[in-house]
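For reference, TrEMBL has these:
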TRANSMEM  35-59  transmembrane segment
TRANSMEM  71-94  transmembrane segment
TRANSMEM  114-137  transmembrane segment
TRANSMEM  144-163  transmembrane segment
TRANSMEM  175-204  transmembrane segment
TRANSMEM  233-256  transmembrane segment
TRANSMEM  262-282  transmembrane segment
TRANSMEM  289-311  transmembrane segment
Amino acid sequence: MTQHVTDKPQVASGPAPAGAAIQSNRAIAVSASRFGLPVLLIILIVIFSVLAPQTFATVTNLRTVLSTQSVLAVLALAAMMTLVIGEFDLSLGAQMGLSALLFPGLAANGTLPLPVALICAILATTLVGLINGILVAKLKINSFIATIGMAALLSAAVLAYSGGNTIYAGVPPSLLSIAAFAPLGIPGPIIYVAVIALVVWLLLQRTPFGRWMAAVGGSRDAAKLSGINTDRVTVVTFTLAGVLCGISGVLLASQLGSGNPAVGPGQLLPAFAAAFLGATSFRVGQFNVWGTIFAVLTIATGVAGLNLLGLPSWVEPAFNGLALIVAVTATRYLRGKPL
C-alpha cells in the first residue's frame, strides 16, 4: 500500500521585511511633506503674530519681508537650477555681489545711462555663468572646485573695482525706482520675483530643455546615451544661473541705492538652504520652483520673527545653517538615498 504525502507550502506570517517597512515609511513622509512648507509657514506666522502682535502682524512688516527677500528668492532659483542638473555653483553670491556693485558703479556720475548700466551688470554675470559652464562641461573640472575658484576671482575683482569702499557718490536717485516701483500698492520686487519664478517654472516643466535638465541631473551617462547633449545643457544652465545672479544683484543695488562690495558672499548659504528645503515640498525629493519660493518665505519669516522678539544677531546665520542641514538630510531621505 502506497502512502501519499501531500506537503503544502507554509506561508510565512512574520513581520514584513525591513526594506518594505522603510519604503512604506518613506511613502508616508513624501505624502505628508508635499505641502509641509506652506503649513509650516502658516504656523510660524500665527506663532509670531501672537508673540509679537505690535511688530510682526503688520502690513509694513509683511511688505518689508517680502520686498527684502526678493533678492534671496532670485538667487535661490539660480542655485536650484544648477542643483537640478546635479551640479553646485558656489560663486552665486559673488556673482550677485559683482552685479550689485557694477550697476550703481557704472551709472554713477553719468558714466552710463541707467538702463545701459543695468544691462552691463547682468551681462557681466551672464559671462561668468558661461565661463563656469565651460569649465565644468568642457574642461571637466569639478563644479565645487571651478566655482569656488571663480568666487575668489570675483571677490578680488569687486575689491579692485571698488577699492573696498561703498559706491554711493554720484549714484542717480533713479536707481531706487526699480525697487520703489509699486503698481496698485504691490511692491515691485514681489512682482519681479513672481514673473521670474513663473518663467523658470515654465522652462523646467513645459519645455524640452527642462526635461533635458532633469535627465542630466538624474543620470548624466543615461542622458548622454539617450541623445541629449549633456555638455550643452550644463553650459546653458550655468549661464542662465548667471543671468539670475545678475538680476538679483540689480534688485539689491536698487534697494540699497549704492554699491556695497561686501554684500554678495553672505547670501550663498541661505540661497542653498532655500533650494534644498524647497525640495521637501510640492515635487517632493526634487528641486522645484515653488518649493524654493516657499522655502525662502519660511526661512525669512522665521528669522524676522526671531529678530522682532529681540534675539541676538547671530540667530540668522544659525537659523540658515540649521535649515540647510535639516533640508539636505530630509531631501536625501525623501529621495530614497542613504543618510
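From the backbone N, Cα and C atoms, a Cβ is placed for every residue, glycine too.
Automated prediction, rather than curation, is the source of TrEMBL annotations.
These figures come from a predicted structure and were not determined experimentally.
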Long-range Cβ neighbours of the transmembrane segment (289-311) (under 8 Å; 6 or more residues past either end): 37-38, 40-41, 44-45, 47-48, 51-52, 55-56, 61, 65-66, 68-69, 72-73, 76-77, 80, 193, 197, 200-201, 204, 270, 273-283, 319-320, 323, 327
For the transmembrane segment (114-137): best-contacting stretch of 35-59, 71-94, 175-204, 233-256, by Cβ pairs under 8 Å: 233-256
